[in-house]
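Below: one structure, written as structure tokens.
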Amino acid sequence: MGTGTLSSLLLLLLLVTIGDADMKGHFDPAKCRYALGMQDRTIPDSDISVSSSWSDSTAARHSRLESSDGDGAWCPAGPVFPKEEEYLQVDLRRLHLVALVGTQGRHAGGLGKEFSRSYRLRYSRDGRRWMDWKDRWGQEVISGNEDPGGVVLKDLGPPMVARLVRFYPRADRVMSVCLRVELYGCLWRDGLLSYTAPVGQTMQLSEMVYLNDSTYDGYTAGGLQYGGLGQLADGVVGLDDFRQSQELRVWPGYDYVGWSNHSFPSGYVEMEFEFDRLRSFQTMQVHCNNMHTLGARLPGGVECRFKRGPAMAWEGEPVHHALGGSLGDPRARAISVPLGGHVGRFLQCRFLFAGPWLLFSEISFISDVVNDSSDTFPPAPWWPPGPPPTNFSSLELEPRGQQPVAKAEGSPTAILIGCLVAIILLLLLIIALMLWRLHWRRLLSKAERRVLEEELTVHLSVPGDTILINNRPGPREPPPYQEPRPRGTPTHSAPCVPNGSALLLSNPAYRLLLATYARPPRGPGPPTPAWAKPTNTQACSGDYMEPEKPGAPLLPPPPQNSVPHYAEADIVTLQGVTGGNTYAVPALPPGAVGDGPPRVDFPRSRLRFKEKLGEGQFGEVHLCEVEDPQDLVTSDFPISVQKGHPLLVAVKILRPDATKNARNDFLKEVKIMSRLKDLNIIRLLGVCVQDDPLCMITDYMENGDLNQFLSAHQLENKVTQGLPGDRESDQGPTISYPMLLHVGAQIASGMRYLATLNFVHRDLATRNCLVGENFTIKIADFGMSRNLYAGDYYRVQGRAVLPIRWMAWECILMGKFTTASDVWAFGVTLWEVLMLCRSQPFGQLTDEQVIENAGEFFRDQGRQVYLSRPPACPQTLYELMLRCWSREPEQRPPFSQLHRFLADDALNTV
């Protein structure tokens, strides 16, 4: 070895030693190379799974390095060429830094000849999102074995932070491959799950210096990297000269991520860090470059804020630490920022510029886990067992091998006694079931007899709630109905008695609810007693619903401390044009309906028909154009149509043969619509009520409904990997992730406005949102009337039409509609937006299973199913959606908080 080489090695060793001293408490990837338990069986058989195996003797449990169990290795059932879909998966149970992998073929005492010459790795931190491992030059393929017996170790540069690791053997032709593996690394004690930062920039000197985070494994959108880890958490500390690197054959600036002061008018770079659990933070250490002769300076100061949950506000005053940006010593160094023991799961830190450039190579934290029982979040999605999945992102766990059990020989007497005891227990169980069934039959028969009375109010006490249902007389026969074809789902033969309907109908309150819906009003009934407040909790069967002002309470009020922050809306029957009740709204003053609608009369001659959007029981919805609208429409909002261009409007038309009650409801709907004044809610433009047919004219947006609009788009920067329907060859308009958040924020803003009026929109979904110019969103209400979305609604035994996939469990089982249930629907709508409306919510479940899942929420035994996280959705935003689906309505965030998060914090939170 030459003198120059020896000097270089000594210098490198000195630099690493200095870096370790500076970055106190930070891990050293060179020392993180312990075997993680495949060979010594610390990893149990149950944590090793495979896509398939040739036989039981080549199953997953035989894939341990240097093991000769079974036939000597794991061998997949099918060929790995050309699809490369066979994999071996290892679950480490906790996050680990994996720095090295070892592979081996099948030797089997000289009888085996199978091995893999190359392979790929995929890894996941949560079991939902899978990432391809790539080296520092973007290559995925790792060279493997050259013979069946030898062990080949491969350094992973960069290392990966993972809980689950999959090996995908490769071949260049159809051939058999077998594999044994081991993983090397150490436990990831930092607890850092991801960081968000602006994309690194390029510095132009005599040569281009690329200061990007080249190993970041999250998403990139709108100049922001989020949802992953990269070079700032890989343990590699940069050199004093940022143009040089400790890695071989890389570009100048590789070790650092940097930003120019000119690109940040605010004077600081903002980063956010997400951790695995609640922690008490003592110190943040940032390794910075200080080569001020080339423009790199230490930060002038740092300020950090903390919060405990994704949708919570930042707590208290920020922690400030002044640094000043040293000009003296040009060496790179680690700066320590004391954090004072503040507690949180999320940190937001701002690094102030003291010079032209900020260059960081590593950021680490010294913290302790805090055991706080109050910091709870909804559980991760759980899916019931089904057929073996075939996509890469599915988990397949092989059951632990069974050990032989010695059989004890018993006497015939003992066997006979055991059989008798079993028979007696079975008989007792059957008797108990029969008694329980008889009890419910009596309850239901009483409920049915009550429905037949001419005027009756029923009180049903449920733990913590009181449901008040009023039934008015009406015809016995339900309205005609033609079974819709579900959208995007195969046709199934319906069972004679659906399980989901049985679950609904087992609730006496819901039987009364459906009985009410089955009888449309046929005229004024007998006078209602003064003490009977007319209410109706029917689900989604008209356009608008309006609660009356409460009179004297029928029951004593609950204690003040038991009142949730969401109030239930008392509801009266209001059958609208499109046949579906949408809003539950506060009562109008007495006689307000009789005063007639606001006189914004619209000349029918100016309406030009374009197409029929939908129809309901009492009317239709048409899409029309209005010529020269500026001289016709007066409102509180400007009309964004150029002079000489027509205005698109939706016209709700009441059929001339509609009943008197339907006409009164139509006028009441006009009155309600006239009260809605918000930029994100469709507005009433005018009415035609001088002669038949009665019409109301509302906004309609040029880009149609949000569901159709988003499904025609693709997400920028190829973030949509894993979305249904995406293909490399698809050509179409794109939409950015920040724009999706902007869409969600507008929906939250409109719903916030409705909540301030105590309005409850009971059918919130992308089909009921309209898209205008510059992605303007307005919430509408006639999605139910469109045949295109018939598959989104479920008919309960031919009576109530319910959007059950968007409904909170208490709406499905108890008919309770509140602002909190709208928050639930908003979470589903946000899921639709982030999926670009490519999938129906719970698309893998039948309608009956969705209803049964609502029952699981009621039982609260941990078996309820949640919507899975969309591929492009950061974990923190998904946790916010899970909070929207909390079992207890009072635990769901209000719309003001949802709007603030989506409008201000979402892009900076992952």
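All positions are counted from 1 along the displayed chain.
Keep in mind that glycine also has a Cβ here, set from the backbone N, Cα and C atoms.
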Per Swiss-Prot record, range annotated motif 'PPxY motif' [choices 478-481, 506-509, 562-565, 658-661]: 478-481
Partner cysteine of Cys75 (disulphide bond, per Swiss-Prot) from Cys178, Cys186: Cys178
Site from Asn391, Asn774 that Swiss-Prot describes as N-linked glycosylation site, others unannotated there: Asn391
Candidate set Asn371, Asn499, annotation N-linked glycosylation site, source Swiss-Prot, matching residue: Asn371
In the chain carrying Ser361 (Ca(2+) 2 binding site), residues 6 or more apart in sequence that have Cβ under 8 angstroms from it: Gln231, Leu232, Val236, Val237, Gly238, Asp255, Tyr256, Val257, His287, Cys288, Asn289, Ala332
Tyr737 (phosphotyrosine): tally of other CB atoms within 10 A of its CB: 24
Residue among binding-site residues Glu362, Glu615 with least C-beta crowding, 10 angstrom cut-off: Glu615
Average pLDDT across the domain 'Protein kinase' (607-902), rounded to a whole number: 85
Between Tyr789 (phosphotyrosine) and Leu613 (ATP binding site), the C-alpha gap once rounded to whole angstrom: 11
Other CB atoms, at most 10 A from the CB of Tyr793 (phosphotyrosine): 22
For Glu615 (ATP binding site), the one of Asp234, Glu362, Tyr737, Tyr793 that lies nearest, given that the recorded positions are compared by Cα: Tyr793
Cα-nearest neighbour of Tyr794 (phosphotyrosine) within the listed recorded positions, Glu362, Leu613, Tyr737: Leu613
When distances run from the Cα of Gly619 (ATP binding site) to each of the recorded positions Asp234, Glu362, Tyr737, Tyr793, the nearest one: Tyr793
DSSP three-state assignment (helix, strand or coil) for Val236 (Ca(2+) 2 binding site): coil
